[in-house]
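Residues or ranges marked as acetyl-CoA binding site in Swiss-Prot (evidence: sequence analysis): V118, R125, F126, S276, R313, P548. Per Swiss-Prot, the feature glyoxylate binding site maps to R341, E439, G464, F465, L466, D467. According to Swiss-Prot, the active site, proton acceptor annotation covers R341. Among the features that Swiss-Prot reports, Mg(2+) binding site is placed at E439, D467, with the record citing sequence analysis. According to Swiss-Prot, the feature cysteine sulfenic acid (-SOH) maps to C624, an assignment based on sequence analysis. According to Swiss-Prot, the feature active site, proton donor maps to D638, an assignment based on sequence analysis.
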Amino acid sequence: MTDRVSAGNLRVARVLYDFVNDEALPGTDIDPDSFWAGVDKVVTDLTPRNQELLRRRDELQAQIDKWHRQRVIEPLDIDAYRDFLIEIGYLLPEPEDFTITTSGVDDEITTTAGPQLVVPVLNARFALNAANARWGSLYDALYGTDVIPETDGAEKGSSYNKVRGDKVIAYARNFLDQAVPLESGSWADATGLSVEDGRLQVATADGSVGLAEPEKFAGYTGQLGSPDWSVLLVNHGLHIEILIDPQSPVGKTDRAGIKDVVLESAVTTIMDFEDSVAAVDADDKVLGYRNWLGLNKGDLSEEVSKDGKTFTRVLNADRTYTTPDGQGELTLPGRSLLFVRNVGHLMTNDAIVLSDGDEEKEVFEGIMDALFTGLTAIHGLKTGEANGPLQNSRTGSIYIVKPKMHGPDEVAFTCELFSRVEDVLGLPQGTLKIGIMDEERRTTVNLKACIKAAADRVVFINTGFLDRTGDEIHTSMEAGPMIRKGAMKNTTWIKAYEDANVDIGLAAGFKGKAQIGKGMWAMTELMADMVEQKIGQPKAGATTAWVPSPTAATLHAMHYHYVDVGAVQEELAGKKRTTIEQLLTIPLAKELAWAPEEIREEVDNNCQSILGYVVRWVAQGVGCSKVPDIHDVALMEDRATLRISSQLLANWLRHGVITEEDVRASLERMAPLVDAQNAKDAAYQPMAPNFDDSLAFLAAQDLILTGTQQPNGYTEPILHRRRREVKARAAQSN
């Protein structure tokens, strides 16, 4: 039984109540009684509106389901379909042109194009690593990944391999030639660096040369000409630091004494309370809120053991350089600018219950997140004894990503919630900024109206292919069987979706004011492929794109040196490359021409993916992890990948492509494979052979067999219920 404290109409879990009063409120000048009275009022006032928005989702889905069922044997008449969506209020009139007016936004969002990390906030070590990933070693990123092939004697090995190291150095020199070229010759020919009359000079066998664009020299550290110093360069607003130490192990092997090239990498990071975490009760939520508080105060730390040594990981300090003329000082952020992703409007959490007559109802988690992540983020706006040594925003803003909103009314509700939270916290109106995830179909087709609803708060829009595909399938569940998962990336609607997001953002004045973002690279070990392919996102006009690790952030940062995103956006400005009809094109299989082995392959692939993710979520509370696929390729999985896999199989089941027996047989085939892939985890509990005793196995089965009944195809209700069962069992056994 949860120990609770009464606060007006609310009964708050003591663990949350004590955290707020003892840890979060001190240093904010907010009176505890006033705060809890404010929380009570916000929850009481906004809960009915939240419920109404969810009822509207269900109402629209029921109307769409009925429309498709009445026409299931007919080819889709796109004009009739569009008119129907207008008639029921799903597709809304497009607003007149407007420009966003958001103010007080940090440069990392308005002007600097670069990678964006997303990391589960419940894991302090991951969170610290991500916050510190503002700067990363290019040498380490190249040496430790498949960007440098392990051929011709260039294997990684257990100790430093000079052959591989030389290839790393050559690759980095080629990068410098493209990002900060010399006025003649190549960085590969460099034999030394110096600063003369405030200008960088690079010595070569043919004499000394400067940069082709001298203004790209931004500063230096250390004593000029000393054995250990560095040179700071800048290109497209991103910094490059060349570390020079001829006496270091790597510097000894380099003609110019260069020991590393460090890139400004994860310019922004999203600390995630949503799809990458498993937070089902007050204890889980407080763990996340406490880590978010520590990040904002700057005092979060974690004991880390590595290579037999233990050390304390803390947040990095800012970086200071001498200006090129030797007279001034330049300070650059040492940490990523932090967003926090709250949960969406759907789920409730028993961390707080609301008394409603004789009933007690769990409070909407999205309302709680806005209140408590907003409160704890106040400490990131100032420094002092009670607020910690570091700041997050330098412009007085708190950046909240809001996911899974369906249409402009839900965006407007979030803005109303943020305004009410600002009143409770005594913050100026407009302090809480919103990042809009364009990952639900009703938001995509009404994106301009969604942005207008948040025109004075919006700081980013972002496409999310996986969740968006999950909603695409669920919205049109009754229309017929969908194409295979791997074919989704080549559909008409996907290209239209990605292009429209950029076009609409630019038309609303995002250039120089807000981020336009694109999705995650999930194949964590395939960095060579990422370096080859992910450049397409800045080329498409995106000022940021998601990466799964600090190493990936450093490698992806190169793309923003190769591509001038600002110039791309100028080229795209004023263009409208898509139609609403393209966005509404449903990815139906034109004919069911799959061979039995193709169907089995698709079912097995999806069942393995579902089991591999769900077993860690339900049994261990791990919301984001590298999950090997059926071919043992490590993929970064979260609830978005689960949603698309489960919804596709639910769709095939609904239309008779597969049977319940096929699903069960595949799950039973794949469970031993997943068990084997987790064999090295001492805490892992196998699903086979007692499948029906495994709550994780049953959760995976539920997600598929009841997938058509899940609200908008979301996986959270089943995951939360099964995870709570696991925790209850553990509590009983203790």
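Going from the start of the chain as shown, residues are counted 1 onward.
Each Cβ is built from the backbone N, Cα and C atoms, and glycine gets one as well.
Taking the binding-site residues R125, R313, R341 in turn and counting surrounding C-beta atoms within 10 angstroms, the largest count is reached at R341. Annotation note: R341 (glyoxylate binding site) sits in a strand segment as assigned by DSSP. Considering only the recorded positions E439, G464, F465, L466, D467, D638, no residue lies within 10 A of R125 (acetyl-CoA binding site) on a C-alpha to C-alpha basis. Taking Cβ-Cβ distances under 8 Å and a sequence gap of 6 or more within the same chain, the neighbours of S276 (acetyl-CoA binding site) are V118, V119, P120, G623, C624, D638, R639. The Cα atom of F465 (glyoxylate binding site) lies nearest to that of P548, taking the binding-site residues F126, R313, P548 as the candidates. In the three-state DSSP scheme, V118 (acetyl-CoA binding site) falls into the strand class.
The local packing around P548 (acetyl-CoA binding site), expressed as other Cβ atoms within 10 Å of its Cβ over all shown chains, amounts to 23. Residues within less than 8 Å, Cβ to Cβ, of F126 (acetyl-CoA binding site) and separated from it by at least 6 positions along the same chain comprise V119, P120. The Cβ of E439 (glyoxylate binding site) has 27 other Cβ atoms within 10 Å, all protein chains considered. Within 10 Å of the C-beta of D467 (glyoxylate binding site) we count 27 further C-beta atoms, all protein chains included. When every Cα pair among R341, E439, G464, F465, L466, D467 is compared, the largest distance found for this glyoxylate site is 17 Å.
Taking every pair among V118, R125, F126, S276, R313, P548, the residues listed as contacting acetyl-CoA, the largest Cα to Cα separation comes to 22 Å. With respect to Cβ neighbours within 10 Å, the binding-site residues V118, F465 differ, and F465 shows the lowest count.
For the pair D467 (glyoxylate binding site) and R313 (acetyl-CoA binding site), the C-alpha distance works out to 33 angstrom.
Rounded to a whole number, the distance between the Cα atoms of P548 (acetyl-CoA binding site) and E439 (glyoxylate binding site) is 18 Å.
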